[in-house]
Amino acid sequence: MGAPSTVDLELAIDAMLARVRNVANSGLDGFPHHGDTRTGRWTTTPNGFWTGGFWVGELWLAAAYSSDHWFGAKAEEWLAKLDGRVHSDTVFRGFLFYYSAVTGAELFGSDRARELAIDCAQSLAATFDETARILPLGSTAEEAHTVGASEANVDGLTASPLLLWASRETGDDELARVAIEHAYRTADYCVLADASVIQSASFDPNNGNLIRRYTHKGYADDSVWTRAQAWAMLGYTLCAGFRSDEKRLLDLAERTTDWWLDHVPSDGVAYWDFSAPVTPQTMRDTSGTAIAAAAMLKLARLVDDEQKRKRYENAARLSVDALVSDYLTPAGSTDGVPAGILTKGCFDPKSGTAIDSELIWGDYFLLESLGVLTGRLKTLI
Ligand code: GLY
């Protein structure tokens, strides 16, 4: 795919798989969330928060890349721990069950994974707000404690691909209707005319009209927080992959991606917010960059135009090469730092949480992208 990389991507996969194995064997007391990049120690969450599905997803990827059933058994074991989250009142169940369950169903035909993904999709669809035409954040969403009931968030877009997948599996058109309406309403609220993305919005519960846009984790209410842009790119690309008849989905995927490419630094690694002043102290966000790379590799397969395909592929490769050569801890280091850690993830500068860390979703999307670029990942997830 594209021009050959000068960075050894196979070696990077080996390092990441070794780390996944070590972490899985380390007696974790919960789902890995953010990690210390010197010791490799994870801060965990007991119930998976919105991030636990990425750990299960990494285990599925490790099983697929290595053909080692041990990883698959671990994935099933961790998936079972998410059982109680199927009906959690948060739109971020989209993250949890797309990556833990759809991934397991698609890569390994796991019956339990299929069942959980469908149950969660049906449960999410039941929360659809027919007035505002969106899946609400939910009372236990990560950000919902700081906002009221009439709020939306582009991070919640991943619910749509979960519902579209479940609709395809079950033939239930209602799931697809909700998924598409949620995706378009999220765009109305969060995607601006130039295709930059603002993380969050308040709406009038009586008619769904937009009241204001703002951010939870970004630099300012009108700033383009890196992961807002990246989640939009990924969400619309995944949706477009399920529904080629809905042209607006592909258009949103392309336009949000083109905005990213027009603004990302020339080394392909984004700062944590596109609107934050850049100084030598400004943090990068490797996790947002990894999401964007994974999204572009998928988008490259959806576009007909050869030039666009190459543009997205080459941009993804540039970012992945940079992440591997400049941010992934190498094998054989003498300072005791474990290999295979994606450093410089920036979780939440506003609260000062994990701003220079390993982040489980950054690891997931880098590992996924490496699988696509090396041909080890055969199925488009
Ligand atoms: N809430 C999703 C994120 O922090 O990226």
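Cβ from N, Cα, C; glycine included.
Feature annotations, reproduced from TrEMBL:
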BINDING   ASP155, THR215, ARG227, TRP231, SER351  substrate binding site
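Pairwise Cα distances among ASP155, THR215, ARG227, TRP231, SER351, the recorded substrate-binding residues, top out at 20 Å. Proximity of the binding-site residues ASP155, THR215, SER351 to ligand 1, judged by a Cβ distance under 6 angstroms to any of its atoms, singles out ASP155 in sequence order.
Per-site Cβ counts within 10 Å over the binding-site residues THR215, SER351 peak at THR215.
The C-beta environment of TRP231 (substrate binding site), restricted to residues of the same chain at least 6 apart in sequence and closer than 8 Å, consists of VAL154, ASP155, LEU157, THR158, VAL197, ILE291. Reduced to three states, the DSSP call for THR215 (substrate binding site) is coil.
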